[in-house]
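Peer 1: One structure coming up, written as structure tokens, with questions to follow.
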Amino acid sequence: MYLFNAVSSYVSVIRAKISGEKIVSPSNSSSPYMKMIQYEIKMIKVRRSSGFLMFKGFDKAKDIQYVYTPVFSSLCGVKLDSNNKAGYLISGSMWNDGRISIGQCDLVEPWDNLSMSQKKNLNYRYQMGCECRINTCYTVPCASTGENECLWTDWLLDNSLNGEQARQYACIRRTDTTCSWYRGGPPPRERLPGLE
């Protein structure tokens, strides 16, 4: 649930509203292919009893004001709605200078499109799976390569990467240090392999 850049080194996940956009160019380039859309964002902080929750990456950058994406979709650029101050869940790569880049390979989803289970998992469960690896199954056979892995089978069952498993489950590390899927919402339409 990443525009990788040679200078990016860290993944951040935030909830934000888009409040503006403009086209920017690197100071050392006049090429139209180097232009980026700079989205101005306002991060939404989730209040919890232990303080504020900002998902992932905020030990590296606490006050993100902008995210960047290529102007062209052919270069993995994404278009966000800045007119209606829409809220998004945004994952992106952090460059060494602290800027966040987003692209088509990142999770950039309107907040209102997330399932109730996904919203709950963001606040409480996904951090329990940071040591786990998710292996996407595109074809059969598909097998786990280790105990710290969850097999993601949405593509096999739904021909989609946004199926029931993505919308209703979280891959978490259990007390015995193995990783497995945890259902945080209503049961899926179909039985998923290995999810008892």
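Just so it is clear, glycine is given a Cβ too, placed from its N, Cα and C backbone atoms.
Bear in mind that the values here come from a model prediction, so they are computed numbers and not experimental data.
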Peer 1: Which one, Cys132, Cys142, is listed by TrEMBL as the other cysteine in the disulfide with Cys137?
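Peer 2: Candidates were Cys132, Cys142; TrEMBL matches Cys137 with Cys142.
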Peer 1: Going by the disulfide annotation in TrEMBL, which one of Cys130, Cys150 is bonded to Cys171?
Peer 2: Cys150
Peer 1: Including all protein chains displayed, how many Cβ atoms other than that of Cys137 (disulfide bond) lie within 10 Å of its Cβ?
Peer 2: 17
Peer 1: Looking at the disulfide-bonded residues Cys132, Cys137, Cys142, Cys179, which ones sit with their CA no more than 10 Å from the CA of Cys171 (disulfide bond)?
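Peer 2: Near Cys171 (disulfide bond) by Cα: Cys132, Cys179.
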Peer 1: I'd like the number of other C-beta atoms within 10 A of the C-beta of Cys132 (disulfide bond), please.
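Peer 2: Within a 10 Å radius of the Cβ of Cys132 (disulfide bond) lie 21 other Cβ atoms.
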Peer 1: With every protein chain in view, what's the tally of Cβ atoms within 10 Å of the Cβ of Cys171 (disulfide bond), excluding that atom itself?
Peer 2: 25
Peer 1: For Cys142 (disulfide bond), which residues in the same chain are close in space, meaning a Cβ under 8 Å from its Cβ, but six or more apart along the sequence?
Peer 2: Asn135, Leu151, Thr153, Leu156
Peer 1: Taking the Cβ of Cys150 (disulfide bond) as centre, how many other Cβ atoms lie within 10 Å?
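Peer 2: A count of 24.
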